[in-house]
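Reading through the structure tokens given below for one structure.
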């Protein structure tokens with residue numbers, strides 16, 4: 001039995017134990033049984049727009065409020081960081097009870113400020129996001145004989161010079177009979193779900209239903225003032241409402257109120273509970289993903305061929321010649337050496353800014369480990385979009401735990417560079433604990449001031465800032481210091497050759513070596529640029545990204561390409577007697593971040609054409625910079641470690657006195 005099979009068995013065992021104790025359901029909540037007539041409460045999330053990327057609270061606009069007052073739903077760390085603000089709403093249904101012409105409320109006459117704000121939100125294409133039983137409201141539009149899926153519905157629409165608001169909502173709730181004897185607990189969503197059956201029926205015989213779909217059709221309907229007299233919330237309107245999404249009639253005007261209403265229709269569906277997220281997570285463009293992987297494999301094969309040539313034809317041949325010669329012949333041959341053999345006394349000379357290099361490599365190990373573990377868990381279905389915020393929360397958790405690895409790698413590398421000297425390891429561990437988090441914290445703080453100034457729900461509350469700082473200095477930093485202590489106790493890696501006291505002069509090069517280093521990033525970028533488009537679309541176009549299996553494959557291929565590129569480039573530098581390979585090996589693969597940032601700018605100009613305002617563009621570029629810095633640390637670390645192994649292997653096999 002393979003280790004992966006054992007891992008899956010342990011995961012299933014843990015989940016079974018937790019379910020026996022009425023534990024949690026992965027990835028969302030376990031099926032909820034509603035009896036006929038039970039209340040279903042709709043929740044609202046932040047208003048979002050691909051035009052500005054600034055989320056706002058639902059109640060920042062003059063919408064109806066529930067009688068019991070506005071209350072925040074339970075939020076996790078990931079939801080707060082993503083700008084989600086889930087609150088209760090006045091929309092409520094009774095299970096399997098169709099209702100029409102339900103009056104919700106009539107607002108006060110719109111003030112000049114409210115009227116202006118509504119027009120701005122309509123111009124900026126803001127969407128209202130509703131949630132029922134953890135399912136976002138989905139809207140279908142027909143275009144050229146095929147249907148488009150959207151989550152949420154627009155606040156309103158502008159026709160010529162008039163602004164119309166969608167004040168009547170037609171809901172369709174898809175329900176499925178509760179099958180307690182057949183489905184007790186469900187893990188995963190869609191095709192990857194696993195069903196664990198129970199023995200016997202512990203529930204009652206009362207028929208119940210599960211919510212498996214939530215659809216909405218927005219309409220703009222002009223209510224007559226006479227029909228609204230003496231009506232209270234949830235009363236039935238006296239006149240019928242014809243909901244036609246192709247026509248609009250409720251124009252907003254200053255100093256005039258807006259009336260809101262809704263209708264709901266329950267439809268029994270064949271959709272099973274595990275498949276209820278399929279409408280949101282339907283994988284499109286699978287062939288494009290496979291093309292991306294095939295493209296990456298071609299790049300890997302090409303680079304692997306070069307690496308094979310280096311090892312078999314060049315390195316092996318030279319080493320074999322050394323083994324066949326006696327000492328006298330070797331001494332004579334050493335006088336005629338050329339290429340990488342000439343730098344044997346300098347190749348392990350300490351690089352410039354060794355402390356910074358150690359900290360960056362340690363942080364790169366931490367980021368790479370966080371990415372791999374998070375994507376693995378997401379691919380297994382543990383971090384589904386059904387559980388909002390779990391992906392970000394999981395990334396933070398794994399990043400903090402892997403502080404041990406960052407401290408260990410950075411300090412052990414420090415001791416290796418200085419031949420086992422313990423001096424200064426605490427400083428190196430602190431650099432690893434603070435360098436990348438400090439950069440990230442600075443970027444996020446600057447962007448957060450912009451969000452605060454815009455009164456956006458995307459702004460991180462001050463209390464959350466305090467929580468993040470406490471997590472940093474009370475959990476992540478101490479774990480990094482513990483890892484540094486373990487690295488200080490571990491034996492350092494011994495160099496196979498001695499380093500000369502006087503550094504060898506590097507001969508003049510025909511071309512700048514850094515030019516080749518920067519150009520090397522094109523190959524890793526070629527392995528991921530197709531998948532990068534889907535990731536960018538999910539981040540900035542409001543789409544759901546759920547093909548973590550493809551992403552895991554692409555990430556593995558990226559690691560292989562980065563290792564190969566850096567290894568080849570390091571060998572090329574050694575061949576021209578350039579022994580300063582430490583930083584160049586890091587940036588050879590880390591330079592892929594430059595091309596990703598350039599791609600981000602291209603995406604902003606050509607794909608996010610409607611992104612309006614300097615604040616939105618600054619937020620986009622700020623978050624993109626944060627992302628590419630993390631990628632540079634991770635990919636650079638892969639390149640450096642592979643080059644270090646190659647150089648150590650190469651010179652440990654050479655018998656030179």
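The backbone N, Cα and C atoms fix where each Cβ goes, and this holds for glycine too.
In TrEMBL this protein carries:
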type	residues	note
SIGNAL	1-23	signal peptide
TRANSMEM	290-312	transmembrane segment
TRANSMEM	356-383	transmembrane segment
TRANSMEM	389-411	transmembrane segment
TRANSMEM	432-452	transmembrane segment
TRANSMEM	464-488	transmembrane segment
TRANSMEM	514-540	transmembrane segment
TRANSMEM	546-569	transmembrane segment
TRANSMEM	581-605	transmembrane segment
TRANSMEM	625-651	transmembrane segment
Candidates 290-312, 356-383, 389-411, 432-452, 546-569; stretch with most C-beta pairs under 8 Å toward the transmembrane segment (581-605): 546-569
Contact set, same chain, for the transmembrane segment (514-540): CB under 8 Å, 6 or more residues outside the stretch: 50, 53, 285, 288-289, 291-292, 295-296, 299-300, 303, 547, 550-551, 554, 557-558, 561-562, 565-566, 569, 572, 584, 587-596, 599-600, 603, 607-608, 620, 635
Among 356-383, 389-411, 432-452, 464-488, 625-651, stretch most in contact with the transmembrane segment (546-569) (C-beta, under 8 angstroms): 625-651
Beyond the flanks of the transmembrane segment (290-312) by 6 or more, those residues with Cβ under 8 Å of it: 523, 526-528, 530-531, 550, 553-554, 557-558, 560-561, 564-565, 567-568, 571
Recorded stretch, among 356-383, 389-411, 625-651, maximising Cβ pairs under 8 Å relative to the transmembrane segment (432-452): 356-383
Cβ contacts under 8 Å made by the transmembrane segment (389-411) with residues that lie 6+ beyond its boundaries: 27, 75-82, 84, 358-359, 361-363, 365-367, 369-370, 373-374, 377-378, 382-383, 425, 428-429, 431-433, 471, 475-488, 490
Distant-in-sequence neighbours of the transmembrane segment (356-383), which means Cβ under 8 A and at least six residues beyond its ends: 11, 26-27, 187-189, 192-193, 390-391, 394-395, 398-399, 402-403, 405-411, 413-414, 417, 428, 431-432, 435-436, 480, 548-549, 551-552, 555, 559, 582-583, 586, 630, 633-638, 640-641
